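Quick look at what Swiss-Prot lists:
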BINDING   36-43, 285-294  FAD binding site
DISULFID  Cys136-Cys139  disulfide bond
Amino acid sequence: MVEVRHSRVIILGSGPAGYSAAVYAARANLKPLLITGMQAGGQLTTTTEVDNWPGDVHGLTGPALMERMREHAERFETEIVFDHINAVDFAAKPYTLTGDSATYTCDALIIATGASARYLGLPSEEAFMGKGVSACATCDGFFYRNKPVAVVGGGNTAVEEALYLANIASTVTLIHRRETFRAEKILIDKLNARVAEGKIILKLNANLDEVLGDNMGVTGARLKNNDGSFDELKVDGVFIAIGHTPNTSLFEGQLTLKDGYLVVQGGRDGNATATSVEGIFAAGDVADHVYRQAITSAGAGCMAALDTERYLDGLQNASE
């Protein structure tokens, strides 16, 4: 028989939004249950260096920051469960979440499931996934020590991946479909310095057309330039860094979405993190397509916990 566990508050996700919500909910004596999801710690576990977390003057790694957040949540007796939710039912209360290991019910839910790496959708990209194609330089970069690699993208993620790989690979070719990058100025300065050293090669106004390879894995990449011409690169690895997609497919048909993101109430009158179903709140990248920073996610997690506390207090007062 499948175990059914009930909690007043369940938090889905273990990134900055989830752990921040857990700290505040636990301090409010709501005894939250946090379900980690498949990637415990969220996107930051794949980030090498976090230099903009206030108070950490010398910076720290993403995994180290997430470990500290986990410890902080556990200090206030947040129960953390390593499970993956594959179905939800918000049609009736208590809300039901079905996981791989158990079934969970709750009076209130905070969704902090974050976002996942986006891919180009090329057949060759999928064919060589795990055989030379990756979306995480910190996870897979060590396989390419002293080997040539390519990074695709033009934002912060792409530049950060290229800078990281420049310390490992023989050369890094950064492929961007435009003439200029969208990354932060400090990252652009670092990028230009590595370009001057010859460690990073810029290939602008070009798109990845096909990943080339054989039975052993990736051997190259074919690029289509904006003028219609083609070039080929000899690389052993291709890293895709073109952004992320919110992890909301689980909630389609049950919560209101816009462009894949959960719609929250917003505003300055409280209940800003409320979704289209009462008692269900959202925080972090799952509801934010603009800022998408660790610190804004953590702040939204705090807001969601406070909104949840007020919601549960209202339920309790109504029943008395």
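Cβ coordinates come from backbone N, Cα and C, glycine included.
Features as recorded by Swiss-Prot, highlighted on the structure.
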residue	record	contacts (Cβ under 8 Å, 6+ apart)
Thr36	FAD binding site	Gly13, Ser14, Ile80, Val81, Phe82, Asp83
Gln39	FAD binding site	Ser14, Thr45
Gly42	FAD binding site	Gly13, Ser14, Gly15, Pro16, Gly18, Met66, Gly114
Cys136	disulfide bond	Thr46, Ala117, Phe239
Cys139	disulfide bond	Thr46
Val286	FAD binding site	Gly13, Ala17, Ile111, Ala112, Thr113, Gly114, Ala115, Pro246, Asn247, Thr248, Tyr261, Leu262
His289	FAD binding site	Pro246, Asp259, Tyr261
Arg292	FAD binding site	Ala115, His244, Asp285
